[in-house]
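Okay, structure first, notes after.
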Amino acid sequence: MSAQKSYNLQDSGVLRFPEGFVWGAATAAYQIEGAARDDGRGPSIWDTFSRTPGKVHAGHTGDVACDHYHRYPEDVRIMGDLGLHAYRFSISWPRIQPDGAGPANPRGLDFYDRLVDELQGGGITPIVTLYHWDLPQTLEDRGGWTNRETAERFAEYAAIMYSRLGDRVETWTTLNEPWCSAFLGYASGIHAPGRTEPEVSFAAAHHLLLGHGLAVQALRAAGASQIGITLNLAPVLSDDAEAASIVDGLQNRIFLDPVLRGEYPADVVERAGRFTDWSFVKDGDLEIISQPIDLLGVNYYNPQTVTGRAGEPANPVYPGSEGVAFPGADAPKTAMGWPVQPFGLTDLLVRLSHDYPGTPLIITENGAAFDDVVEDGQVHDVGRLSYLDGHLRAAHAAIEAGVDLRGYLVWSLLDNFEWAEGYRKRFGVVHVDYNTQRRTPKDSALWYREVVRRNGL
Ligand SMILES: OC[C@@H]1[C@@H](O)[C@H](O)[C@@H](O)c2[nH]c(CCc3ccccc3)c[n+]21
């Protein structure tokens with residue numbers, strides 16, 4: 001037997017990311033914190049929605065989740081063990097303002113103060129999301145995002161958070177995925193607040209963007225230097241250019257254009273004309289919405305595959321998409337039934353750098369749900385590891401093509417409350433046993449630790 005030649009691949013690193021590339025992980029308050037009524041937290045629309053029979057798998061709620069509110073020191077230690085540079089988390093608005101307005105709840109502020117200090121102590125950069133879907137219920141009682149005043153309340157909340165954390169938090173993103181808030185929450189109703197009124201969903205989208213713009217103004221005035229927004233974006237694959245353009249408009253351009261170009265796409269305005277007269281857009285709104293930002297957060301999971309089909313009814317999450325069918329993709333699927341198509345990430349990032357040049361990009365979410373099994377204290381999640389590997393290669397290809405990509409934050413650090421799917425879908429690189437709250441880094445976490453260490457694959 002000839003001596004086995006050993007290759008120390010760790011140092012030959014085939015794919016290197018740029019010096020200073022930011023590696024991290026992401027979570028969201030309602031999905032991990034638990035402590036839903038602790039220390040003065042008020043109800044959010046997800047507390048209400050998850051308690052509404054039939055809305056969330058098996059009636060799961062975020063009451064306990066990963067109990068991160070109490071276990072954050074352990075979770076920060078895990079982030080350190082993985083060598084993460086940054087941690088993206090969201091702030092629970094109803095912890096800070098239980099009624100969505102007025103003076104801040106000091107115990108709510110204290111939690112995020114402690115969390116940021118713990119992160120700093122671990123040398124981990126905090127990346128704050130101000131809104132990740134947990135709107136204070138009292139604001140929803142007044143119309144929620146269909147009410148323009150909610151945008152003003154959001155800017156006040158942003159100012160409160162900056163005044164408390166601005167000395168230690170440099171990177172702020174206003175909204176996570178306004179598309180989901182507007183079209184899953186107010187059009188299709190599959191997310192909180194569960195309204196099925198497509199005619200008001202465009203107003204909700206506009207007021208979310210107005211809230212973004214007013215919050216950017218407030219943050220900038222207070223001295224914030226790195227401000228962004230996170231959008232869930234998807235390239236649209238189709239054999240029919242018209243069908244592709246319709247979905248690209250309703251998913252991507254309806255947010256990219258107002259934020260980065262100061263205008264709504266004309267084709268979307270026209271198609272949505274059957275639902276709304278757009279009179280909710282007031283003079284000056286688009287100037288506020290297109291306030292310059294320093295960073296665009298991109299959440300990518302998979303492309304959308306569509307085709308033209310006469311007579312096809314509109315997809316409820318895309319009001320105005322009559323005549324477009326969603327046949328699904330001929331590709332491996334994750335446990336969510338989402339196709340694994342890493343090339344879509346390269347296509348998306350290159351498109352963004354061409355169509356919306358000048359704004360640095362950061363992947364604020366990318367990851368996959370697979371059904372995990374714990375055996376001998378380990379989780380051999382080869383499907384997730386392979387998904388992540390493929391998408392990091394796709395991100396690297398975009399960088400090679402000239403895209404200004406600053407970082408990658410895996411979704412998610414922990415298994416957590418997966419919205420309407422409850423706890424049955426696991427996206428974490430760290431397994432959570434919800435009976436014991438035991439955390440177990442999966443093989444994907446151990447692999448990711450090496451990627452971070454090597455700054456490459
Ligand atoms: O579904 C996985 C993650 C969520 O856990 C995050 O909170 C959320 O930011 C997020 N966005 C997306 C893509 C848009 C989407 C969300 C939920 C359901 C269907 C599509 C996937 N994810």
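The chain as shown is numbered from 1 upward.
Any Cβ shown, glycine's included, is placed from N, Cα and C.
According to TrEMBL, the protein has these features:
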- Gln31, His132, Asn176, Tyr301, Trp411, Glu418, Trp419: substrate binding site (BINDING)
- Glu177: active site, proton donor (ACT_SITE)
- Glu365: active site, nucleophile (ACT_SITE)
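Feature map: TrEMBL annotations on the structure.
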residue	record	Cβ neighbours (10 Å)
Gln31	substrate binding site	25
His132	substrate binding site	25
Asn176	substrate binding site	24
Glu177	active site, proton donor	24
Tyr301	substrate binding site	24
Glu365	active site, nucleophile	23
Trp411	substrate binding site	23
Glu418	substrate binding site	20
Trp419	substrate binding site	24
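Within 8 Å of the centroid defined by the CB atoms of Gln31, His132, Asn176, Tyr301, Trp411, Glu418, Trp419, the record's substrate site, lie the Cβ atoms of Ala28, Glu365, Ser412, Asn416, Phe427, excluding the listed residues themselves. Measuring Cα to Cα from the residue listed as 'active site, proton donor', the binding-site residues that fall within 10 Å are His132, out of His132, Tyr301, Trp411, Glu418, Trp419. In the three-state DSSP scheme, Trp419 (substrate binding site) is classed as helix. Rounded to a whole number, the distance between the Cα atoms of the residue listed as 'active site, nucleophile' and Trp419 (substrate binding site) is 16 Å. The two recorded residues, the residue listed as 'active site, nucleophile' and Trp411 (substrate binding site), show a Cα separation of 5 Å.
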